[in-house]
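This report refers to the structure that appears directly beneath it.
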Amino acid sequence: MDDLREFAQVFPAWWYGALGVLGLIVGSFLNVVIYRLPIMLERRWRQDIDRPTGMTDGGQATRYNLWWPPSSCPHCQQAIAVKDNIPLFSWLWLCGRSRCCHQPVSVQYPLVEVITMLAFLMAGLLWLPGMALCGALILLSFLIVLTVIDIKTLLLPDVLTLSLLWIGLLFNLSETFVPLHDAVVGAMVGYLSLWLLYWAFKYATGKEALGYGDFKLLGALGAWLGWQALPNLVLVAALSGLIVTLIWRGVRKEDTAKPLAFGPWLAIGGAFSAMMNGFAL
């Protein structure tokens, strides 16, 4: 690791170039997770429903995962060639359309790749190569995936939020970001604060303002950043979510009673707090 730190300091252009390329590659994989994980969870849910009645899909769900089948066109399902699957550049080269059927390919794909690249570069500016940088890259990758999935489905899958929580505690065993006891208290306070707010609001109005995935996500962020970071994190999430949502719905004249995904704003607050942690080191 010392050699890598020396390389980053002696050859910064090469180091940041490598981080940028890594960000694009990881961003491409995050797109796979964003697209496939909700489908995998739905298939598993349907399989669990059908199992008591003896109705199964013949194992079809077990053959669909993050690694198989190979990437295919979302419109005609034809396999995508390697040359057409290069992060960002293939989308630009093909002008945002699939080669096989010439249908438009969502801008989500290059956008996620670019955001991941920028997040990796920002982390590289704040942390030298080491455990803290590895942890920051993992945290930011999880937050990007959770943000897009929540926007598209209003779901924050347990497999992501709970994994994020435990990974945060593992990193803080060696006090990578905060002492372990601050991380444990942060996980508890993060979860319970939104849980109490949820039930207080539901008791007062009879409506549900948050989801259990939000509790788990804030608990996970507490496990990474400690309980001290939570007040500012929630403040950033609440203010940014309120302002942007009011402007967006006002421009589009959407119903204000429409459910709001709060996970993306928690993710933004978490990313902001993580960056502040990096500045403080």
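Placed from the backbone N, Cα and C atoms, the Cβ positions cover glycine too.
Marked as domain 'Prepilin peptidase A24 N-terminal' by TrEMBL: 21-123.
Per TrEMBL, the feature domain 'Prepilin type IV endopeptidase peptidase' maps to 137-246. DSSP states for the domain 'Prepilin type IV endopeptidase peptidase' (137-246), grouped as helix (H, G, I), strand (E, B) and coil, give 92 helix, 0 strand, 18 coil.
What TrEMBL lists as transmembrane segment is 13-37 (among others).
Per TrEMBL, the feature transmembrane segment maps to 125-149 (among others). Distant neighbours of the transmembrane segment (125-149): 1, 4-5, 8-9, 26-27, 30, 33-34, 37-38, 108, 112, 115-116, 119, 155-157, 160-161, 163-164, 167-168, 171, 174, 176-177, 217, 224, 263-264, 267-268, 270-271, 274-275, 278-279, 281; these residues of the same chain sit at least 6 beyond its ends, with a Cβ under 8 Å from one of its Cβ atoms.
Listed as Cβ neighbours of the transmembrane segment (155-173) (distance under 8 Å, sequence separation of 6 or more from its ends, same chain) are residues 37-38, 41, 131, 135, 138-139, 142, 145-146, 149, 179-180, 182-184, 187, 211, 213-214, 216-217, 219-221, 223-225, 263. Residues or ranges marked as transmembrane segment in TrEMBL: 155-173 (among others).
The transmembrane segment feature in TrEMBL is assigned to 180-201 (among others). Same-chain residues lying 6 or more positions outside the transmembrane segment (180-201) and placing a CB less than 8 Å from one of its CB atoms are 165, 168-169, 172-173, 207-210, 214-216, 218-230, 234.
According to TrEMBL, the feature transmembrane segment maps to 221-248 (among others).
Residues of the same chain lying 6 or more positions beyond the ends of the transmembrane segment (260-280) and with a Cβ under 8 Å from any Cβ of it are 119, 122-123, 126-127, 132, 136, 139-140, 143-144, 146-147, 150-151, 154, 156, 177, 210-211, 213-214, 217-218, 221, 224-225, 229, 232-238, 240-241, 245. Taken from TrEMBL, the feature transmembrane segment applies to 260-280 (among others).
Secondary structure of the domain 'Prepilin peptidase A24 N-terminal' (21-123) per DSSP (helix as H, G, I; strand as E, B; remaining residues coil): 60 helix, 4 strand, 39 coil.
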